[in-house]
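Here's the structure we're looking at; comments come further down.
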Amino acid sequence: MGQRIHFVVDPQGWCCMGLIILVWLYNTVFIPKVILFPHYEEGNISVVAVLCYYFCSLFCIGSLLRASVADPGKLPENPKIPIAEQEYWELCNKCNMMRPKRSHHCSRCGHCVRRMDHHCPWINNCVGEDNHWLFLQLCFYTQILSSYTLILDFCHYYYFLPLKKENWDVFIFRHELALLRISAFMGLIILGGISRLFYTQLMSIFTDTTSIEKMSNCCEDISRPRKPWQQTFSEVFGTHWKILWFIPFRQRQPLRVPYHFANHV
């Protein structure tokens, strides 16, 4: 979708991302089979609830796959530096390449990334200037999907009318309680971890700092003018249209960022 493919050869990252995909497949397959479809057929829930679950699931896996293969902002080997911007570039002491300020060298990927926030093993990729928006969408839709799943698990036992056990001989109905307990356990673990991560990411955008900059303690409030939160979010998502901030299936158009806002890392 207009972005360069970036593939990281890292067995640890493959395992972490594979685990996330397995959790997503588990809930996408068993939750509709055990809760949504049976209750829809018996008139306990509407088709809107079923469609909303699948839309959340689609947006979640879409943002995951795009964030994992999207170029986070890898710098070319011989970047062309405009004369007017040379003072805002510096030499990386690890790869001996010129890079714009606020870039960082990722030892896992082996190259510098523009405005790198961190390297995330769960997407097997760096989170940088060009895919930060996809990572935020992944955190957002993962929270929505996990919360939705937990609500369905709760309503299945304490709110919805009992199902007619016509398919009691089917495996998923004979082990219904175990399957839903596993789903609820995974939902609680993921929701707790992602909520904390999403909060830290939002605070980073509000303050216009990256996780690396916070850890290096090199970003003082007086080092640059404070930008409005609408501007910082627009720069991350590549558009001023707020409705587009929630759509992962689009092409991001970088907004021009004035260099007097840049920080040294």
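Numbering starts at 1 and runs along the chain as it is shown here.
Using N, Cα and C of the backbone, Cβ positions are placed for all residues, glycine too.
TrEMBL lists 88-216 with the feature domain 'Palmitoyltransferase DHHC'. Counted with DSSP, the domain 'Palmitoyltransferase DHHC' (88-216) comes out as 70 helix, 18 strand, 41 coil.
Residues or ranges marked as transmembrane segment by TrEMBL: 12-31 (among others).
Note on the transmembrane segment (43-65): residues 17, 20-21, 24, 27-28, 31-32, 36-37, 123, 134-135, 137-138, 141-142, 144-145, 148, 152, 160-161, 246, 248-249 of its chain, located 6 or more positions outside it, place their CB under 8 angstroms from a CB of the stretch. Sequence annotations record features per position, and here TrEMBL assigns transmembrane segment to 43-65 (among others).
Look at TrEMBL and you will find 138-159 (among others) tagged as transmembrane segment.
Proximity of distant same-chain residues to the transmembrane segment (179-199), defined by a Cβ-Cβ separation under 8 Å and at least 6 residues beyond the stretch ends, is recorded for 23, 26-27, 30-31, 34-35, 136, 139-140, 142-143, 146-147, 149-150, 153, 156-157, 172. The transmembrane segment feature in TrEMBL is assigned to 179-199 (among others).
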(message) Checking distant contacts: for the transmembrane segment (138-159), what same-chain residues at least six beyond its ends satisfy Cβ-Cβ under 8 A?
(response) 24, 27, 31, 34-36, 39, 52-53, 56-57, 59-60, 63-64, 67, 123, 180, 183-184, 187-188, 190-191, 194-195, 197-198, 201, 246, 248
